[in-house]
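For reference, the structure is listed below as C-alpha cells.
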Amino acid sequence: MQKTDKILKNGTIAVLYSVLVSVFVVALCEIRFKSFFTLDDSYNEYLGFMRQYGQSWLSGEIPFITKNIMIGGNAMVELQRAIFAPQNILASLIAAKSANPLAPGLFYAFINIFLSCLSGYSIGKSFGISRNLSLVLGFFIAINPIFLYQYAGPWWNAANGHTWSLVAIATFCLLRQSMTAWRVVANFLATLILLSSGWPHGIIGYFVIVGCISLVDLRYGEAFNLVVKRCLPLVLAGIAAIPVYSEFIVLSGLVNRSSGWNNAGNFMVPSVTQLLLTFSPTYFEFMNYFGGFKSFFVPVGFSTVFFLLALFFYRVSFLDKNIVLFAVILAATLCLSMLPSQTGMLRWPIRFVPYFSVFASVATFYVMSRGEKVNSLVRKNGFLSIVLVLFVVSAFRNIFERPKVVLLEAGTSLLLVGLWFLCVEKRKPVDIATSSWVKAATVPAFCLALMLACMPSLGKVYLPVHTLPSHMALPENVNWDGNFASFTGWAPEEPVEPGELQSALFGYYDIRSINGSSPNGHKYLDQVLAYYSSHAVLQPEESMANLSQAVPGLENVCWFNLFGVSSLAIRADIQEDVGSGLEGCGYHPAQLSHDQSVLYYSSEQHYPTTLTYTTNPNVKVARETNDSVTLTVPEHTDPLKLVFSRVWWPGYVAHGLTCPVTIHGFGTMLLGADIPAGCSGELKVSYFPVTWAYTLYCPVLAVIGLGLLLLQIRRNQKLRRILEDL
C-alpha cells in the first residue's frame, strides 16, 4: 500500500511539474515572439485543412475529402495530416470554432510539451534515475531545439509524431521493467497513435530504439520469448494501423511525391560537431537551410548542459548494461542523423537528431544518478579547457555576424563553470539527484532563456510569418459563387484580402479554392496545376495556359470551367502576359486590390456546388458534403455525362439508381460520372477508402490479439501469486 501511495505521489508530482513546464515554455516563447507556434507550414497547410476537418467532424462526417480545397484534398493520401490522431481531432475542432488563428498552435504546443516532459520523466524512472533528475530530464527533453523551433511552430505534424514517439518509447521502457496489463495497453495505444500520426521519422526512430533495446537485452541473456513478447503490443498496433497506410500504398500510382537517393547541397544535414557539442545551448554553425547556406542560430544537437559534468566528473562501469544500451542507441541515432539529404521518400536527416539528443540526456542523468563522483586536477583542467575552447571558437564564428551571441556564449560558459563549482568543486557539493527539483528546474529554464535570447523564433529570419486577421472581407465586385484561383505567388506578411492568400489558407476563411498544399500531389492534376514546392504556389504562366485550353470532346468549355472557377486573381504587373486567354473562357477584369497590386477576374458563371458540367441542365444537386454529393436525375433518353470539380481518386462510388453508373476520372484527374439513358431518380456519389473493404478487419484482429495477450499476462500473474503463497 505504501509503495502504491509513493507511486501515485510521484506520478502526481510529475504530472503537475509537466503542466507547469508546458505553461512556462509556451508563455516564454510567446512573449519572445507572438506567433512562435504558428508559422510557415502551419499557416500554409494546416490551418486551412484543420478548419475544414473540424467542420466535417462537427457535422458527423469523417473528413476523408476536403471539397473546398482542391490540391491535397484527400486526407487518406496526405498521411502527414493524420485525421485520426487525437491531437488533430481536437485541434481541428478548435480551428473550426475559434476566431483566433493562433489558437490551434497554442493547443498543440501545450499538449506536446506536456507529453514530452512527462515521457522524459517516465523514461528516466524506468532506468532507475532519481525522481528529481527524471523531472529535470523531462524539462530538457521538452525544450529540445529541433522539437521546439522546427517542429512546434512550422511543422505541427512533426511535433505530434515526435511527441507520440517519446510516449511510445516511455511506455516501452516501462514495459521492459514489468509487463503489466496497463503498461501493455499504454504501449499499444501510444504506438497506434504514433503510427496514425504519419510522421515517418518518429516511427523509424521508435522502431530503431526498440530494436536496440531488444538486441542489448538478448545480448545480456534475457529470454528470447520474453523479448518477443515485449514487442507484441508494437506488432499489434502495426496491424491495427494498416487501414491508415493501405490507401496511400494502393494509390501510390497516382501520387506524385518526390523520391530518390541524393545529398544535394547537404541540405538539412547536421555536422558531427553540432551533435558532439550537445552540452551547449548557444553553439551554432553554418548550415544549408531554407534560404541557403548560412549561420543557423539554433543549437541543433543540444541535449543538456550536465552532459560535460557527467563526462568528466562521474565514473560508471562500461560493463553496465544500460551504459552499453545508451552507447548503442547513440551510435544508431547518430548514423540516422548523418543520412543523405534524401533517402527514398525520407528527407532531411536533421529530423532524427532529437532522438540522439534525448538519449544523450538520458545517459547523462543515468550517470549522474548511478555513477560515482570523482575529481582530479586533470579532470578539472580538461573540463575548463573545453569550456574555454568552446567560447573562443564560438566567439570567432559569430562576432562579425551576430555579436550578441558572444555574450550568450559567455553566459553558457558561466553556467557550465557555475554548475561545476556547485556540483563538484564546492566544499560541500550539491547533489542534483537529491536537491530540490524546483531549484534544479532553473537550469533548463536558463538554457531556454539563452536560446530564445539568441533566436526568438525561426519566423522572419529563416521562415515566413503571416499576421492573419480573424475574418476576411470578400471584394464586392467579384463572383464568389464557385472556386477561387489565386496566381499571385507568395503571400505578404499581412494579407487582408483573398488575392493575397496562398496555399491552403483559403480553407481557413471558408473560401472554396483550387489552391491547396500537398507534399504528395496528384500525378495528373499536377500536369495542369503547375506549382512550386509542397506549398502549391501556382505558377501563373503555365497553370493559366493549361486551364485556358478547351476541353477535348466538350463544346465551348475550358478547363477553368470544369474546375468550377468563378473568379481568380493575378498580379497586376503580369496581366498583359497571362491574361490574354481569360476572355475566351468567360472571364473579365473585375477590380483591383486595395494596393493596386492584385487584379481580380470574374465570370458570369455560377458554381454553387462541385457539379460543374452536365449534358442535361435539369440534373440538380440536392445535398453536398465533403465526402458525398446527392443529385436528382430527371428522366432522359440520352446518356448523361457529369463532371465535378473534385479530384478523382479510386474510392468514389455511385448509389441509388437501378442502372449501373460509371464513375471515372475525367482527364484522369476530375471526378466524372456516366449515367445510361432512361435511368432517373436520386443518385449519390460518395467517397470511401477503397482498401477499407479489406483492411478494416485489421483493427478488430489487433484488439482480439491484445485481449489474448492481456489474458495470458493476468493468468501468469495469478500463477505467480499462487507460487509465492506456497
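Glycine too: its Cβ is placed from the backbone N, Cα and C atoms.
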TODO: When you get a sec, could you say which of 76-95, 236-255 is annotated transmembrane segment by TrEMBL?
DONE: 236-255
Task: TrEMBL annotation of transmembrane segment - which of the ranges 352-369, 640-657 it falls on - done: 352-369
Task: Per Cβ pairs under 8 Å, the stretch of 133-152, 158-175, 352-369 packing most closely against the transmembrane segment (323-340) - done: 352-369
Task: Result, the transmembrane segment (133-152) in contact with the transmembrane segment (12-33) (3+ CB pairs under 8 Å) - done: yes
Task: Criterion met for the transmembrane segment (381-400) and the transmembrane segment (267-284) (at least three Cβ pairs under 8 Å) - done: yes
Open item on the list: With CB pairs under 8 Å as the measure, which of the listed stretches 158-175, 236-255, 296-316, 406-424 comes out on top against the transmembrane segment (267-284)?
Closed with: 296-316
